[in-house]
Amino acid sequence: MNGTEGENFYVPMSNKTGVVRSPFDYPQYYLGEPWMFSALAAYMFFLILTGLPVNFLTLFVTIQHKKLRQPLNYILLNLAVSDLFMVFGGFTTTIITSMNGYFIFGPAGCNFEGFFATLGGEVGLWCLVVLAIERYMVVCKPMANFRFGSQHAIIGVVFTWIMALSCAGPPLVGWSRYIPEGLQCSCGVDYYTMKPEVNNESFVIYMFVVHFTIPLIVIFFCYGRLVCTVKEAAAQQQESESTQRAEREVTRMVIIMVVAFLICWVPYASVAFYIFINQGCDFTPFFMTVPAFFAKSSAVYNPLIYILMNKQFRNCMITTICLGKNPFEEEESTSASASKTEASSVSSSQVAPA
């Protein structure tokens, strides 16, 4: 084995030289230069500095403006809540451990950080699945006269938390475990060892199939069908200017959604899966550190993509920030009135987010 396994940790370095120490008790500067740990702390500070206000503002604006309290926005609010879970439960812990060079909070703190980071990430992931299904049902209309109402939204929110807990909870009760990873300053599921005492192998397989592969398939299917439906609608309307514009907007939004998902999660999942199927392989701490920390950036990507691209929400946010006045409202209202007739056929199909 090219790593050193302890009771509740796995350091990706052989202990032949005798320098490896528990990441709960000693700084891990033998894994990297001190400035590298400082860089991680600075990165986490950036995510907190951006993710906290954007997600909090999302909640505040939606509560303040009644017209935003639509069923679809329940899912978007839930997405913001999940991002805040990652910020408060994961990022704040990681910034402190990175500044100290090791996981100073011990195994209990590792469970805390790993649980909330995983929970927030999984709620966010399953929110994307619910959004994809909602778009598919509304735009592609596989069920005639389907309307996405408050009851559907509440069911969707509950579903995201049930699925997230079914992924983040088991390591706390003996099915797999949370251990420090990469430079040993953040915690995640143990992909590094089989650990038969906690049936680690079966949990990792379950996690990859149920909590990564299936969501990815659902998202690709739903948005793939959505793009096809929009193109068919455009062809039937002789590709009018408004329809072409709507098609471009929806296509751009879908591409950004899918690409953001892939950028955030595929590198982390791919590296984790590689390590899992190549137990004991030789890899540097950065091999897991970079994708693990990059996946955390989803807490910033999510509100930017799913909230800030929502025109209605954007107008309400500007109004809130500008203390009740929107300096762009007059210009936008003039533009909207000019295209109201053309856009009615598109909005009736609910092609764009509510």
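Just so you know, the numbers here start at 1 and follow the chain as drawn.
Just so you know, glycine gets a Cβ as well, placed from its N, Cα and C.
Taken from Swiss-Prot, the feature compositional bias 'Low complexity' applies to 334-354. The N-linked glycosylation site annotation in Swiss-Prot covers N2, N15 and is backed by sequence analysis. For 1-36, 97-110, 174-202, 275-286, the entry in Swiss-Prot reads topological domain 'Extracellular'. Under the heading transmembrane segment, Swiss-Prot lists 37-61, 74-96, 111-133, 153-173, 203-224, 253-274, 287-308, citing similarity to another entry as support.
Shown are the glycosylation sites N2, N15; the one with the most C-beta atoms within 10 angstroms of its own C-beta is N15. The stretch from 74-96, 111-133, 153-173, 203-224, 287-308 with the most CB pairs below 8 A to the transmembrane segment (253-274) is 287-308. A gap of 9 Å separates the Cα atoms of N2 (N-linked glycosylation site) and N15 (N-linked glycosylation site). Secondary structure of the topological domain 'Extracellular' (97-110), assigned with DSSP and counted as helix (H, G, I), strand (E, B) and coil, comes to 9 helix, 0 strand, 5 coil. Beyond the ends of the transmembrane segment (74-96), by six or more residues, the same chain brings 40-41, 44-45, 47-48, 51-52, 55-56, 58-59, 62, 104-105, 109, 112-113, 115-117, 119-124, 127-128, 130-131, 134, 150, 153-154, 156-157, 160, 164, 185-186, 296, 298-300, 302-303, 306-307, 310, 313 to within a C-beta distance below 8 angstroms of the stretch. Within the topological domain 'Extracellular' (174-202), the DSSP-based counts of helix, strand and coil residues read 6 helix, 8 strand, 15 coil. Within the topological domain 'Extracellular' (275-286), the DSSP-based counts of helix, strand and coil residues read 4 helix, 0 strand, 8 coil.
Same-chain residues lying 6 or more positions outside the topological domain 'Extracellular' (275-286) and placing a CB less than 8 Å from one of its CB atoms are 1-3, 12-13, 31-32, 182-184, 191-194, 204.
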